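J.: So that we are looking at the same thing, I have put the structure below in structure tokens.
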Amino acid sequence: MLGATPPTIRENNAVGAVVTTITTDEGVTLTIASNPADSFGLNGNNLIAVKVLDYETKTSFTIDLLCTKGDQFLTLIVVVLIENVNDNPPVFAESQYTLNVDELSPVGKSVGAIVATDADKDRLYYSLVPDTEGFRLQENSPNILVQHVLDYDAATSVTLILSAQDTLTSTPPSFTATATIHVNIMDIDNRPPWFQPCTETIVDMSKICLSSGYTGTVNLTEQVVGALPLLPGPVHAIDGDKGLNVPIMYRFPTGSESDIFQINQNTGDITMSKAADIAGPLTLTVLALQTSNGDQFATTTVTIVVVKKSVNPPQFEKMEYEGFISADADVDSMVLESKASNRPLKVQAKDTDYADGINPDVRYEVQGSTEFSITPQGFILMTKNVMPGTVSMNLHAIDSSNAESTTASLKVEVMPEGVLGAPGGYGPGDMAALGASLAVLLVISMVVIGLLVFRIQKGKTDWRKLSEANIFRSSLGKGPGELKAGVQYTNEGFQNDGDTSSVGSKGPEEMDGKRSIGNGVTSRAVEENVMKVSAPLYSNLLLDTSSLAGSDKADSEKEVKPILTKERRVEEGYKSVWFKEDIDPNAKEEVVIIPDNGEREGDDDDDDEEEEGFREEEEEYDNSSPQTLKVLFSDADMDDGRGVRFEDSEKEKIQTSDL
């Protein structure tokens, strides 16, 4: 008999392996009534496998056994299960696969699923190598997904290795299968045409190509035959999607067509339909677009410079130049023309098309060196610190009006620190010290000038006071008669203490007789002249103290009156000065008024400056007429005090016999 559990045998068994043992009663014999594929046999009561069994071929067998005892028999059905053994590796249908995916596909998009099979019906585990090429596997699946944004220009294809393993670990028995997967990244139409040459750059995950445009030159009133030569080359554009490479066509945009130039639609060549009659730059706009998709287009500029024809190109004065500079010179210092000079090196290209050889359109460039640059005037500047040694470079002069150019070589010898400089020359420190010294001297000079101006102004005030005092003092002696006794003469105009421009009436003993009044006449000379006119009169006025002592009584009878007044007084004891219009023509008084028309001596500028603005008067004694005093008036004296001048016709002599 058999147990309740069906007997089993592992596949790949050995021939003769016992499958199960059948227990029978005594006298019972066993025979195989049904044996599929003759896979089993009996060895006594043992059921054995006579063939190698394979689970993948057949997983179970049913065997009929006939039990016989005498004339009795019984059929026993035995089911044998084949136990599966991991004896088969996974298998991919193909060893290599090819997949395609568009560039810029969204992350996570499925590229494709590559499935392997296993005859053992085991679960398979997949892996992708490498996993950094923009793709990854979906979890627990052979589905390949986009890992990041793909760029056709960065990579057009990626090769991946997909592995399938029938166990989670590598513990034997374990079988693995691999397949090679080629993923092609497909270019899509996402870029416009690119004018060539151009510089590619990335802007926010987008690639663009920047072109600086094209330039060309034509002569005024001359028509060029054929395509115009342009820089950096002929007009040419390519599809920005290099994988598609769609054909490009060219045209002038609507509204910007030119009646002088034409463009070939297929090649982009620009030709002239007539000569240009105006000098200067002409800017053309060129449109490039895809023949299959007009929405993908780009524009560029073509600048055609119309120039007057040049006979001679610019030429450097020398083909080779040599300069010197110290290694410790500051950046932007100028290169010198010799070791023993502080004169900067200046290069210049002459153009014989100009009378003076100076072409204003010539510009300079330094080629072959980044340590030096050149100014528009032709001076060489050091742009960075340079070690001692020799630096060679080329100088390029270009006529920007017609692109004609010339080249000369330059060698700059960078001298060690402290070596370069003219003997006895001055460095920056010396010049700074000199500037500081000059500044100090300038300040001192300004202070001295200020003091001199102050002294001169103060001197003017002092001389003005002295002049006015002496004029008044000299006027006291006028007239042929003697002064009246007991009368005090005053002048209110000279008693204003607040007037700094004049002084009060003082006696001659208080004045400095050696000071000059003007025109070389001193107060001492005036005093002597007055004394000659009337010595007793002058003496009585200034020195008679007895009359002054007795003036109290006179003051009680008469007020002290000013001698300058327009009102004529004839009373005894008064002396008045009045103007011409106030004199009675029938009076017998005699006054002589002689205008001063004499020229001033102006040889001495200092004397003129000190005497400017002073009133000039000179009293002269007339020997021929002792009774008459001549008074010379300046232009200022001809003012009547009311802003009205005496006219020349009114400057006549008025005589009076008694003041």
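Glycine residues also receive a Cβ, built from the backbone N, Cα and C atoms like all the rest.
Among the features that TrEMBL reports, domain 'Cadherin' is placed at 8-92, 93-195, 212-316. Under the heading transmembrane segment, TrEMBL lists 431-454. As annotated by TrEMBL, region 'Disordered' applies to 491-517, 592-659. Residues annotated as compositional bias 'Polar residues' in TrEMBL: 491-504. Taken from TrEMBL, the feature compositional bias 'Acidic residues' covers 601-622. The compositional bias 'Basic and acidic residues' annotation in TrEMBL covers 639-659.
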J.: Per DSSP, what is the residue tally for the domain 'Cadherin' (212-316) in helix, strand and coil?
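T.: Tallying H, G and I as helix, E and B as strand, the rest coil: 0 helix, 44 strand, 61 coil.
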J.: Short question: which residues 6 or more past the ends of the transmembrane segment (431-454) have a Cβ under 8 Å from it?
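T.: Distal contacts: none.
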J.: Count the residues of the domain 'Cadherin' (93-195) that DSSP assigns to helix (H, G, I), to strand (E, B) and to coil, and report the three numbers in that order.
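T.: DSSP classes over the domain 'Cadherin' (93-195) add up to 0 helix, 49 strand, 54 coil.
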